[in-house]
Amino acid sequence: MESIVDTEDTIAAIASAISLGKGGIAVIRVTGEEAINSCKNIVETKSKYAWESHRVFHGYVKDNLENKYIDEILISVMHSPNSFTGEDVVELHCHGGVIVVNKVMDTLLSNNNKVRIANPGEFSQRAFLNGKIDLTQAESINQLINAKNLKSAEIAFNGVKGEIKKKIDVIKNDLIEQLSEIEARVDFEEDFSDFNYHDFSRSIKNIKEKIEILIENTKRGASIHNGISIALIGKTNVGKSSLLNLLSKKEKAIVTNIPGTTRDMIEVNLTIKDIPIKLVDTAGIRDTDEYIENIGIEKTFEMIQKSDYIIYLYSLEDGFNKDDEEIISKIPREKLITILGNKKDLIDSKKNDQKTFSSDIVLMSIKNNEGEKDLVDKIVKKCGSKEFENIDIFLNERQISNLRDCLKNLNDTDPIIANQLPFDLLSIEVRDGIKNLSRITGQELTEDLLNNIFSKFCIGK
């Protein structure tokens with residue numbers, strides 16, 4: 001597509017993660033018209049493959065201003081247009097210590113006045129502007145980088161492969177077919193029989209159903225991307241923090257016998273039997289005059305409303321009492337909920353509260369790791385992976401907004417059809433619907449919107 005932002009500069013960025021300060025290898029990526037020449041200025045090599053496209057060769061980085069060698073590296077080169085960005089691209093593979101990679105980066109910039117540091121997402125932005133990827137692929141790359149679990153990464157990669165665009169194009173082509181029919185009739189009305197509003201309505205209804213399915217699947221897909229939110233709820237000292245540590249296999253929460261230890265929510269992302277979970281430990285609910293603890297309890301009740309699934313813990317030693325009943329009464333009926341009786345080890349095995357409930361109770365001794373399998377089986381049954389079997393793409397808020405705008409355009413054809421108004425009025429709504437679908441893949445964009453989208457990417461991508 002025609003460039004609507006400046007792509008003339010040669011840009012560079014550290015493309016690998018070095019946040020821990022060390023690593024075996026770090027990669028500096030350079031793209032643009034001066035990418036190869038700028039790297040030639042700081043690289044000494046004797047390789048016979050030097051600077052050939054799609055070759056990797058050995059060399060040394062030299063700071064010519066200080067006349068010092070900086071690092072021993074490997075260099076990979078991709079000539080335009082056969083690169084990620086569609087421009088000349090050079091990648092410098094240097095040693096991964098943060099000091100070394102920053103010095104190599106500084107050397108590249110200081111020895112070349114035609115190279116600048118890339119903005120966030122600028123490499124992907126250039127790939128999009130140069131027609132190497134569509135906008136949904138670019139956004140899927142960002143989702144893949146930020147995936148919190150394996151299933152989310154798999155779905156994001158489907159977007160990278162172009163699966164989102166394929167689904168949008170199917171809907172768009174259906175609308176283009178309807179628009180072509182209308183506009184042909186407008187231009188050559190005498191060559192056609194009367195317009196069949198019923199057939200048109202049926203076609204539009206089928207298209208709307210496809211859009212609604214995409215939107216509905218994305219709601220479920222959001223649970224994969226973010227993790228099904230499971231809130232651990234209960235009074236103080238019933239084992240919520242211990243359960244979080246047990247399921248996450250890490251000491252994420254402080255566990256004491258002092259009531260009210262957890263003042264704020266602790267979140268852990270994990271996967272249980274291929275199901276992505278966001279487990280949230282909340283402040284124990286009790287009457288207290290402690291100001292900060294009360295804030296935590298307020299957040300607990302907010303989490304009850306926001307979560308997908310609630311595990312309510314109580315102490316088998318104390319029994320299920322009116323306080324527990326009162327708390328559970330505040331949980332919306334539509335919420336998935338499992339009752340967990342903890343401290344099984346402290347009671348007579350013949351006397352338990354299992355008969356108190358018709359179903360959905362799990363008895364555990366979290367301290368002794370008894371009953372974990374029963375709880376996991378319950379979670380899998382409630383949130384089973386079958387819920388996600390048909391989810392193969394994930395749409396972000398921008399894409400969903402464009403889909404809803406398209407759906408509104410199609411809904412606005414209903415009164416035109418119902419009143420059999422001049423059929424050329426339908427073309428306005430159908431054409432606007434096509435434009436909204438085109439915005440999803442990037443054919444209809446403003447510079448400000450484009451910059452906003454890519455500003456959310458990491459630097460170097």
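Here the Cβ of each residue, glycine as well, is placed from N, Cα and C on the backbone.
Straight from Swiss-Prot, the features:
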type	residues	note
BINDING	Arg29, Glu91, Lys132, Lys461	(6S)-5-formyl-5,6,7,8-tetrahydrofolate binding site
BINDING	237-242, 256-262, 281-284	GTP binding site
BINDING	Asn237, Thr256, Ile258, Thr261	K(+) binding site
BINDING	Ser241, Thr262	Mg(2+) binding site
DOMAIN	227-384	domain 'TrmE-type G'
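Positions of the features from Swiss-Prot, shown on the structure.
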residue: Arg29; record: (6S)-5-formyl-5,6,7,8-tetrahydrofolate binding site; DSSP (3 states): strand
residue: Glu91; record: (6S)-5-formyl-5,6,7,8-tetrahydrofolate binding site; DSSP (3 states): strand
residue: Lys132; record: (6S)-5-formyl-5,6,7,8-tetrahydrofolate binding site; DSSP (3 states): coil
residue: Asn237; record: GTP binding site; DSSP (3 states): coil
residue: Ala283; record: GTP binding site; DSSP (3 states): coil
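Counting only the Cα atoms, the space from Arg29 ((6S)-5-formyl-5,6,7,8-tetrahydrofolate binding site) to Ser241 (Mg(2+) binding site) is about 44 angstrom. Once Cβ contacts within 10 Å are tallied over all protein chains shown, the binding-site residues Arg29, Lys132, Lys240 are led by Lys240.
Ranking the binding-site residues Glu91, Lys132, Ser241 by the distance of their Cα atoms from the Cα of Ala283 (GTP binding site) places Ser241 first. Distance noted between the C-alpha atoms of Lys132 ((6S)-5-formyl-5,6,7,8-tetrahydrofolate binding site) and Ser241 (Mg(2+) binding site) is 48 Å. The two recorded residues, Ser241 (Mg(2+) binding site) and Glu91 ((6S)-5-formyl-5,6,7,8-tetrahydrofolate binding site), have Cα atoms 46 Å apart. If you take the C-beta of Glu91 ((6S)-5-formyl-5,6,7,8-tetrahydrofolate binding site) and look for same-chain residues 6 or more apart in sequence within under 8 angstroms, you find Ala15, Val27, Ile28, Arg29, Val30, Ile75, Ser76. Its Cβ placed at the centre, Ala283 (GTP binding site) has 27 other Cβ atoms within 10 Å. Of all Cβ atoms in the protein chains displayed, 23 besides its own lie within 10 Å of the Cβ of Asn237 (GTP binding site). All protein chains shown were included, and the count of other CB atoms within 10 Å of the CB of Ser241 (Mg(2+) binding site) stands at 23. Residues belonging to the domain 'TrmE-type G' (227-384) score a mean pLDDT of 79 in the model.
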